[in-house]
Each structure stands twice: as C-alpha cells, then as structure tokens.
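Below is one structure; the comments refer to it alone.
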Amino acid sequence: MAHYELHVLFVHSWMLALILITTLVWLAASQKAFTPDLVFPEMNRNSSWSVANYGEILCPTSFQSYDPKKHQILTRVLVERPSLNTDTKVEGYTCHKVKYETICDMPWYFSPTISHSISPLRVKESECKDAIAEHQLGTHVPLSFPPEDCSWNSVNTKEYEDIIVKEHPVMLDPYTNNYVDAIFPGGISSPGMGGTIHDDMMWVSKDLAVSPECSGWQRSMGLIYSSRLYGEREPMLEVGSIHIEGHRDKNLTLACRISFCGEIGVRFHDGEWMKVSVNLDHPNSVTFQVTDFPPCPPGTTIQTAVVENINPEIQELTVNMMYRLKCQETISKMVSGLPTSALDLSYLIQVQEGPGIVYKREKGILYQSVGMYQYIDTVTLNKEENQLGENSRGQKVFWTEWSDSPTRPGLQEGINGIVKYEGQVRVPLGMSLRLEAATELMWGHPVHTVSHPILHVISNHTEQSVTTWNRGVNSTNLIGLATRSISGFYDNLKLYLILALIFVSLIALVVLDVIPFKYILFVLCPPLLLCRFIKCSRRKPETRDRYHVEYNRPGQVSSAF
C-alpha cells in the first residue's frame, strides 16, 4: 500500500512539473522582444526650463557609450575622415629640354667635316607648361638636327632647341602627401611641379591647378567624454572615448598622433585615423590638442574605409544627412522668424541614449531643458492614456504635460514634437527610421591598411650629355685625306721621273747610235709592264659611314631620351 501511494505521488509531481514548464514556455513565447523605435528623455519634475536662444541651437550629436557617473567632462569636436582610393598613382609628365646642333667645318682646301650633337639644357617651369599644353593639344612638332650650313674657310653651327614631353606616372605617399619616384632627388617631391635628378628634366602633374591628395573627406560632429582633465603633460590613458556622429565610439586608450594626407591626426587603437579639432562654436569646451597624444612609432600604418564597400553605410549616412538638413532648415526658420510646426521641432532631437537637450513650445515660445534620453519600444503606444511605450527595463513610459497648439485647435503639444490629438498620442514621423539608421551606423565598416611606399633611391643628381659624330659619304676626315692625297701624289711623281729618265736615256742612246732603234721596244716593254703591275696592285682602302657616340655620365643614369 505504501508503495502504491508513493507511486501516485511521484506521478502527480511529474504532471505538475510538466504543467509549470509548459506555462513558463508559453509566457516566454508570448513576450515580445524589446525593439526600440523611439528615444525619449527621463525628466525630473523639478527640471528647470529656460527660453531657447535660436542662435545657439545646434543639430544634435548622439551618444553611444556615455556613462553619466564616469564621464563628467565633455569636449565637442569636429572630425574629418578620409576615404583613400586604393590607387595611389598620380599621372604626370616629364619635360626634357635638349639642343640639337649641326656643325660644318670647311677649311681653305674645300673639304668639309659635318658633325651632329645632342646636349641637355636646363628647363624652366614656364617652358614646361607651354610644352605640355602643346602636347595635350597635339600641336607639338618634334624637331631633329638642322641642315648643315657650310661656307669656305669657316666653322658654322646651326642649332634647334626642343622640349620632349612624355607621360610618367609617380606614386603618392598618403602619409606625407608627397610624390615618390626614382626621378626625384632623394626619391621625394612636393605636390605640383618638381625638379628631378636630371638638370634637363622636370616632372609636372597632369592637373596643374589642383594637387592630388586624399579624396572623399567626410566631416562629422563628435564628442569626447572623459573622466578627468588632460593636457600636454598628462598621458592620454583611459581618459574616455570619442563619439563620432553616425559611427561607433572609439576609446582614446593607446591612441597616438601621426601625419596622413598631409594632416596631423589621431590613430586609434583599432588602426583607424581621423583628424580631430575643436568646434569653436563651443568656447566652454575643454581645450583639445592633437599634440596631447604621443607620436606613433616609426613605420606605423593606419586603416581607412574601403571606398567600394561602404555603400550600405552611405545609405545610412544619406538618411542621417537628410534629417540633419531638416534640422538645419528648422533652425534657419527660427532665426528668420518663420513659423515652425511640431514636426520641425522633432528634427532637433538626438536619436541615441545619453544626456541631451529637450525642447517644448508654450504659447509660441520655445523652451529648453536637459534630460537623460532612453530607448523606448512603442508597441504599447496608447495602450493606456498618455502612454508612449516601455523602456528596456520593462517600465511603462508616460507623458502627461500638454499645452494647446497656438495654430491648430484641438491639437496639444508635448516635448520634442510629440503631439496629442483626439485623445491619442502621435509620435513624429520618421523617428523610427532615424533611430534605425543611427543604430546600423554603430556597426563597423570594412577597412584596408595603407602601407608606406618603399623606394630605393638611385641618385640625388645625375649629369648627362650625348654627342654624336657623323662621317657621311660627302664628308671626310680632312687630316687623313690630306695625308693620303699628298703621299699618293709623291709616289706617282717618283715613278714618272724614273720612267722619264729611262725614256730620255734610251733616246740618247739611239741618237748616238749606241743601240739600234729596233731594240727600243724590247728594252721598254719590261719596265712598262712592271710599272703597270705595281700601279694596279695598289688598292684604295674602302670608305664607309662611321658613327661614334661619346657618353659623359659621371653618375648612374636612371632614364634616357
């Protein structure tokens, strides 16, 4: 019997446990996940309100990791971020200035020597610009050696000067915003037009008006919130974070300063670089100096947003920008004295948790106060009278202070553009979209590492000259020609004298009847045949066109014509 009662008790306990588990599961499933679609301030009943100064109203900067107990010092700043294109090649031109010379040396005996030479000349900036303009228009006519100008017993020189333009891209060092290439002295040149290691050559970027630089600068408002003061003498360790409107917060720990795109900025611990400066519209903010940060170690690299992968972020930024423009338009209306609506007032409100300005209108006058904004889920909007929704702690959120609208009967206005009409609370249109866009922007974006360019410097300066001597068919080496001509003349003269003496001797012998006339031919034939053989055996040396090139290059040359 006892065993049976124990078995029944066990079965009942098991059934009760199943019922309890099923109930808990059903209750959990019936609970909706917290999905905030509104930010609303918690207001103290004793909060003080003051009349707003339209000239001091600013569009909101949101907060992400603000801790009111820890972060008691706020510094409003301007943040600029570059989106560097991965192609750091800079298109440009090189200008070579050369002189073509043709020299004709004709002595008194009418035997000219013609030579051609190419010499480098120092090029001027104005000459290079004109030559590039002709090159771009296609009107440049390339020159060569001028025709010779020969006259008796003189040396005449004719010369042409020409500037040869060639396309020559170089690299851009985004850290210093300088050009990098082996043709520059030391491998580096400032933007625009620069000299090279050759005196006769200059490099010019394609766009003479604007120097290439990092593109796609994005300007945003930011806020540094920290736990203590900081200055040049205090290390920047755990002083707080910087919030950038539309982006994730960044901790200032391990941040350092480094030059990028020709600007001094801050590299954060995640590798991303930004230029940060104080917004002068807030003179009461803590003085912020980039020099407060220690310099980054040599060789430190940074990361920038990948241009081709930020389309989703651009979409969210577009939404943010649209509402920011509406905010600026609202402020402009107020300053100009134009009427504004409750919807216009909602554009002045931040969309992130943390401390911020709260606005309300009473009898046409705008008042402001300070409240602590929190996320609200409006799924229970108007479930009870004046209910806006629930916060992340599950607490119901209400607003009960309403004032009659001065422009529309039956409409009541609360704070931050919230209105009540026909007993129903109406939330400003677009608030949910703004919050969604801001939340999406809190996530990271793809980045790429920017490396330092590596270059092996060839030379700081190189002298170069090229001279070409051309001996053609109608031009000779005068000294050699004169020597050969005189030598040949005397050789022939000796032969003719010998033959003349032999001939005269034979005639004398015939006249004196020493040798009969019939033997004259027998005596003369051997010498004549011998002379003919000697003369024919002499061949003139072949003459060919010869070219000789002399190079004078004291240093190593990295480029040639």
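Using N, Cα and C of the backbone, Cβ positions are placed for all residues, glycine too.
Of the listed cysteines (Cys59, Cys95, Cys214), only Cys95 is recorded by Swiss-Prot as the disulfide partner of Cys128.
Between Cys59 and the candidates Cys261, Cys296, Cys327, Swiss-Prot records a disulfide bond only with Cys327.
The disulfide partner of Cys296, as annotated in Swiss-Prot and taken from the candidates Cys214, Cys256, is Cys256. Sorting the disulfide-bonded residues Cys95, Cys128, Cys261, Cys327 by the number of other Cβ atoms within 10 Å puts Cys95 first. Of Cys104, Cys261, Cys296, all annotated as disulfide-bonded residues, the residue with the shortest Cα distance to Cys327 (disulfide bond) is Cys261. Counting every protein chain shown, 15 other Cβ atoms lie within 10 Å of the Cβ of Cys256 (disulfide bond). Using a 10 Å Cβ-Cβ cutoff, Cys150 (disulfide bond) registers 18 neighbours.
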